[in-house]
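Participant: My questions all concern the structure below.
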Amino acid sequence: MAERKYFGTDGVRGKVGTFPITPDFALKLGWAAGKVLASQGSRQVLIGKDTRISGYMLESALEAGLAAAGLSAAFIGPMPTPAVAYLTRTFRAEAGIVISASHNPYYDNGIKFFSAQGTKLPDEIEEAIEAMLEQPIDCVESAELGRASRIKDAAGRYIEFCKGTFPTELSLSGYKIVVDCANGATYHIAPNVMRELGAEVIEIGTSPNGMNINEKCGATDIKALKAKVLETKADVGLAYDGDGDRIMMVDHLGNVVDGDQILFIIAREDLRAGKLKGGVVGTLMSNMSLEISLKTLGIPFIRANVGDRYVLEKMVENDWKLGGENSGHIIIADKNTTGDGIIASLAVLTAMAQHKLSLNELASAVKLFPQVLINVRFSGGTNPLESDAVKAVAAEVEKRLAGKGRILLRKSGTEPLIRVMVECSDAELARKSAEEIVEAVKAN
C-alpha cells in the first residue's frame, strides 16, 4: 500500500481553516474524487454532514469540485454517518461523503468517503484520489458539468430504516427515555425514532447552533444525561456522539452502561434468538469481563486494534456480524455497514421490551473489572518498553494477574508517552500493579 499524504484511518481531518480543512483543498478533493469516480462510470455522489458551522463551507466546496469533474451532488443535510452509508446504498449512488469530525470540538472537521456499498473506499481508490490531488484542476466541458440537488426526505427515510430494525410485535409504549444527541447529527432523527415507536421522550442536546456540538453533552460527556435520567425518573438514557456512530447508555439508577456491556447484551440476545453468526470482535481496550462473560456463554471473542475500522476488518476476515468498542462504536453488520448508535440502542431496547427487564438487570451480567490507565512521559529516542527491566516487571505482573486480570502497554504514536493499562477484578491489585509498571518505565 502506498504511503498516504492526505487520507488517515478515518478520511481527512483537522482544524477548520488549517490545511487540509480549507475551502480550496475541499474543492480540489471534490474534483480529484470526482475524476477518479467518473472514470469508473460514476455520476452521482451523496453528501451528508453533522451540525458544525463549517459544514456549509465544506459541502459547497466539495460540490463545486465534483461538478467540475462532471459529477452531480445530492445534499442530504445534517445526517448521522451511518445514515449516509445507508442512503448511499439505497439511492444507488456511486459514493457517499460525510463531513464530520465525530466527537471532536466544533472547530475541527473532516471529510470521509463511503463506497457504493456503504463501506470504506477500497485502498486503490483512495490511492488514485491521492495521486489525482497532485494534478492541476481541469474542468469538463460546460455540457458535462455536474448538477446539485437536495434530497428532502432523507431524514424520514433513515427514521423508517431504524424503526424497521425494531420488532413490529414490540412497542416502547410505557418507557420514559432521555435522548442526548450531542447537539449533533442525530438531533432530528433519534428522538423521532423513539417517539414513533411509542416512547415518552425527553430531549437534551437537540438544539445545535453550529458551535455547540459535543459541548458538555453526548456520548463523550454524559454527566448531563445522568442528571436528567435521575431528575425525570426515566427508564433509560441514550447518548450519541456528534455524528451518531457511537452510543453510551444510562440505566434508571444513573449507572453508565458502556460499549462493552452493550455489546454483551446484543450478543446474548442474538444467541438466544439463534441469530448470532460466529463470535464477537472487541479491541485491545475491551474489558476482560466482557471476554469472560461471552466465553461463559460459549461465544468466541477476539481483539482487534483500537478503532472501529480495525474491528470491521476482523469481522470481515472471520465472517462475523457483531463487533464494537467500549467507547460505544457498535457494528451490527446484518443491519448496517458501519457503527450505528441508533441501531445499537434499538437492539438493547428490544431486549428490554422482549424480556421486560430493566437496562440495569441486562447490564449486570457483565461486571466490568476496574481499569487503571496511566500515561507516562519519557524523554529520548529509546522506547522504555524494549527495556529488559520493564519486560521483566511486566511479565511478573502478568503472572500475578493470571486469570483475573491483564495488562496492556502501548507507546503513543503521536507523543513521547507510554500508556499503561491494568485491569483486574481486584481494584487495589490493579492499582498497585499499574504503579509497579509505571515505576519501571520511569526508571528506564
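Every residue gets a Cβ built from N, Cα and C, even glycine.
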Participant: Asp241, Asp243, Asp245 show up in Swiss-Prot as binding Mg(2+); which entry in Ser102, Ser387, Ser412 does that record put in the same site?
Facilitator: Ser102
Participant: Within 8 Å of the Cβ centre of Ser102, Asp241, Asp243, Asp245, which other residues of the chain have their Cβ, at the recorded Mg(2+) site?
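Facilitator: Other same-chain residues near the Mg(2+) site: Asp50, Pro80, Thr81, Ser100, His103, Gly184, Ala185, Ala219, Tyr240, Gly242, Gly244, Arg246, Gly339, Gly341.
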Participant: How far is it from Asp241 (Mg(2+) binding site) to Ser102 (active site, phosphoserine intermediate), counting Cα to Cα, in Å?
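Facilitator: Asp241 (Mg(2+) binding site) to Ser102 (active site, phosphoserine intermediate), Cα-Cα distance: 7 Å.
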Participant: Could you tell me which of these binding-site residues, Asp241, Asp245, has the fewest other Cβ atoms within 10 Å of its Cβ?
Facilitator: Asp245
Participant: In Å, rounded, how far does the Cα of Asp243 (Mg(2+) binding site) sit from the Cα of Ser102 (active site, phosphoserine intermediate)?
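Facilitator: Distance between the two Cα atoms comes out at 5 Å.
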Participant: Which residues of the same chain, at least 6 positions away in sequence, have a Cβ lying under 8 Å from the Cβ of Ser102 (active site, phosphoserine intermediate)?
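Facilitator: When sequence neighbours closer than 6 are ignored, Ser102 (active site, phosphoserine intermediate) has Asp10, Thr81, Gly110, Asp241, Gly242, Asp243, Asp245, Arg246 within Cβ distance under 8 Å.
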